[in-house]
Amino acid sequence: MSDHELRVSKIRNGTVIDHVAAGQALNVLAILGIDGSEGEGVSIGMNVPSDRLGRKDVVKVEDRELSQSEVEVLSLIAPEASINIIRDYDVVEKSRVDRPDTVTGLLSCPNRNCITNDNEPIASKFGVVADGVRCAYCGDIVRDDIAAHLDVQS
Amino acid sequence: MRQDHLISAANLSRESIEAVLDRAAAIDADPAAYRQRHAGAVLALCFFEPSTRTKMSFDTAMKRLGGTTVDMGTVESSSVKKGETLADTVRVVEGYADAIVLRHPSEGAAKMASEFVDVPLVNAGDGAGQHPSQTLLDLYTIRERAGLDDLSVGIMGDLKYGRTVHSLAHALTNFDVRQHFISPESLRLPRNVRFDLHESGAQVREHTDLDAVLPELDVLYVTRIQRERFPDENEYHAIAGEYRIDEETLDAARDDLSVMHPLPRVDEIAPEVDDTEYARYFEQAHNGVPVRMALLDELLTQAEAER
């Protein structure tokens, strides 16, 4: 995409999360716990034309570089995403997301009868399987719309 | 395989299953030799749901090993009624006992509880999840007559919520068994169990009708279809009637078919079947004692060795 088509301006320092599946940008922010309350600049492009995905979302967060664990959780809802670390307007690091083996405390189990939905002192825990995630306690498998089970405020 | 707890049949290997069944056979052959084996040991019975067979057979098993039991009693009479978490309950109970048997209405309860205790914990049923000690006695009963390889096993009834079904299906993947699942469409195996069976490469077929598959079965494992699974009383009676076994149904079966049931039954097996050669379910229930003795012996012996 050429500069004159840009809907979101370049950032000086921070992270650009590109090639996010269309419609998932707000979930990406939710999963990262970014809501602007820390004063960071956040820009979102949704349904932007993309050669690779047809339509994609783009998220730009100023003055914030994502940690490895943040990148891992991103992979669950945005497996195609690429992470660009920006310093002084230049991309200094570019990487694809890697899927983690387990995800703890991030998703809630859709099985209402799962012990993780009782009032017990444990965090939810999911193993990452080929095409979804699986509750480590009740064994329930979530394949579609994993973002709907995010246990965070969006 | 080292086994601290028994949580799910999905974690059982062929070797660990055969070790328990061999030990149960040795106990069956000479129960007197085990009478003082765990003298002084205490087993805690924590049943958050009603139980007759499982609780009484664990109680008997521990006493026949020379040990004693402490019983939490009903939920109504315990601190659970005051809002205590399961995590707190088992942490308290592990101070009283050398092992814990737990039944709880939530799936994953035993797995979670096991993370809070150091003593061996046995899952005696977690909601619609697993019931692996039942599976060990089921396998023991099957093995006594037919061995555990080159078998066709039919599992019929409530496959969706039946925890004995889920555990048995998982365990049978360790053996050369063709598994046939027979149920109404609405009570098919849950997705996670089908996923595991597929991953294991097991030979699995699903049916809505018993007639097509009955003649080839070595074992027919019948489970209860519960009234509360159906919003409509008439629909329940219609469906439950289709999955009822009587002498006439069994005309099409092989002479050496074993009819099994984890019990309690309501009317899914007609009483007239009880007196036939097919009926194995009371023997199956009795096998709960030697098999649970073997399981407790293994878990307690290992825990003592580690202390």
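The backbone N, Cα and C atoms fix where each Cβ goes, and this holds for glycine too.
TrEMBL labels come from automatic prediction, so no person has curated them.
Record features, source TrEMBL:
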BINDING   B:ARG53, B:THR54, B:ARG103, B:HIS131, B:GLN134, B:LEU263, B:PRO264  carbamoyl phosphate binding site
BINDING   B:LYS82, B:ARG163, B:ARG224  L-aspartate binding site
DOMAIN    B:5-144  domain 'Aspartate/ornithine carbamoyltransferase carbamoyl-P binding'
DOMAIN    B:150-297  domain 'Aspartate/ornithine carbamoyltransferase Asp/Orn-binding'
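Here the features listed in TrEMBL are placed on the structure.
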| residue | record | Cβ within 10 Å |
| --- | --- | --- |
| B:ARG53 | carbamoyl phosphate binding site | 16 |
| B:THR54 | carbamoyl phosphate binding site | 24 |
| B:LYS82 | L-aspartate binding site | 6 |
| B:ARG103 | carbamoyl phosphate binding site | 24 |
| B:HIS131 | carbamoyl phosphate binding site | 26 |
| B:GLN134 | carbamoyl phosphate binding site | 28 |
| B:ARG163 | L-aspartate binding site | 25 |
| B:ARG224 | L-aspartate binding site | 20 |
| B:LEU263 | carbamoyl phosphate binding site | 18 |
| B:PRO264 | carbamoyl phosphate binding site | 9 |
Spatial neighbour of B:ARG103 (carbamoyl phosphate binding site) that is closest, considering only the binding-site residues B:LYS82, B:ARG163, B:ARG224 and their CA atoms: B:ARG163
Cα distance (Å, whole number) from B:ARG224 (L-aspartate binding site) to B:LEU263 (carbamoyl phosphate binding site): 8
Listed binding-site residues B:ARG53, B:THR54, B:HIS131, B:PRO264, filtered to Cα within 10 Å of B:ARG163 (L-aspartate binding site): B:HIS131
Rounded mean pLDDT for the residues that make up the domain 'Aspartate/ornithine carbamoyltransferase carbamoyl-P binding' (B:5-144): 96
Three-class DSSP secondary structure - B:ARG103 (carbamoyl phosphate binding site): strand
Rounded inter-Cα distance in Å - B:LYS82 (L-aspartate binding site), B:PRO264 (carbamoyl phosphate binding site): 31
Any further residue of that chain within 8 Å (Cβ to the Cβ centroid of B:ARG53, B:THR54, B:ARG103, B:HIS131, B:GLN134, B:LEU263, B:PRO264) of the recorded carbamoyl phosphate site: B:SER51, B:THR52, B:ALA124, B:GLY125, B:THR164, B:PRO262
